[in-house]
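So the structure is just underneath, and the comments pick up after that.
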Amino acid sequence: MTSAIQNITNSIPSLGRARLLINSSDDVVIVSAVRTPIAKAKKGGFKNCCPEDLLAAVFTEAVKRGKVNPSQIQDIAVGNVLPPGGGANVARMAQLYAGIPYTTPINTVNRQCSSGLTAVVQIANEIKAGEIDIGAGVEHMTAHYGAGVLPEKMSEEVLSNPEAADCLTPMGITSENVAKQYNISRDVQDTFAANSFGKAAAAQKAGKFKEEIVPVKVRWTDPKTNEEKEIIVDSDEGIREGVTAESLAKLKPAFAKDGSTHAGNASQVSDGAAAVILARRSVAQKLGLPILGKFVISAVVGVPPKLMGIGPAFAIPKVLEKAGISKDDVDFFEINEAFASQAVMSIQHLHIPFEIVNPVGGAIAIGHPLGCTGARQIATAFSEAKREKKKIFVTSMCIGSGMGMAAVFVNEQ
């Protein structure tokens, strides 16, 4: 009898979940969400193209799938961490090339690894005025990543503050700090990374990424023959079959001799772009636009810079509280895998079942184009939610210099 009562209780949605599933004409809805394939930086399919090529591709496809008249788009925000030439020109050029008129303004935002999500949230907050806007993200790490992006000079006075100085801690060292402070072993990290590769490889083989991906035609130079040719990049390049914890155990630590972080259990350096079109529900319904689901709310928190990877562990509880739900109301989580150490720490800290985190793999397997990831997660999650008939999901990521961000979405497909 007790078991039967428990089963009935478990099948009844919580009050918070029930509230979230109620629609309102004032909701901020997602009309379309697309991404490019994620290519390997320096040697992949996008190595010879430019960020504006990738951004233009997702702008064009997002508008097409959303059945939006480009002249109705009233603002665009683009997340970009490593902006060439200040960033705004690249985004503006991509917008105009994609056929979105010059009368639509655009801006770029940089909150490190959450830039794509920050752009979407900025737009979501504007949507409450009844507009149709785009939140996007792009990163071309082939051309704009490495020692060359660091400033030549920094204030010695500011750096005399220990916490300020911690902002310059290399990302790999922050991963080692998290692993040591929270006792995340090398074996646990490698097992998590292998699972990410396994899930992504299975998803790719089953064609699960095809719906969210926009194939991109680019000019590409063959490194062996130096011949330039036109190719179509239509799938993620970093995903590998057959990766195991045992094979990863053979790799040497990348950041400290006695460390546990290496190339196989850290996110890949990548090129890619993603775009999300949002609208007020009443406007979308009036214009007959497709509705994938709705944006609910977001939260950003600060954490110690030298432990920046723990951000999701504190951003997720905050966003759940703001949404009025518990973690048990969430069907699955997309938690960015900057490093296995920090992803595992966040999952363990929150007592989330590993099975409902990154169901088709994460950045360790797919790649992490910094400014793109936040928007990429949204495209991936809506595709997954539609396929698996899931309702509520959370996206989250850690942020360089010590922050975390998370957002709640509801699928309506």
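Backbone N, Cα and C atoms are what each Cβ position is placed from, and that goes for glycine too.
Record features (TrEMBL):
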- 28-281: domain 'Thiolase N-terminal' (DOMAIN)
- C113: active site, acyl-thioester intermediate (ACT_SITE)
- 291-409: domain 'Thiolase C-terminal' (DOMAIN)
- H368: active site, proton acceptor (ACT_SITE)
- C398: active site, proton acceptor (ACT_SITE)
Using a 10 Å radius on the Cβ of H368 (active site, proton acceptor), the other Cβ atoms enclosed count 26
Given the active-site residues C113, C398, the candidate whose Cβ has the fewest other Cβ atoms within 10 Å is C113
For the residue listed as 'active site, acyl-thioester intermediate', what is the secondary structure state per DSSP, taken as helix, strand or coil? strand
How many Å lie between the Cα of C398 (active site, proton acceptor) and the Cα of H368 (active site, proton acceptor)? 12
Could you give the number of helix, strand and coil residues in the domain 'Thiolase C-terminal' (291-409) as assigned by DSSP? 56 helix, 31 strand, 32 coil
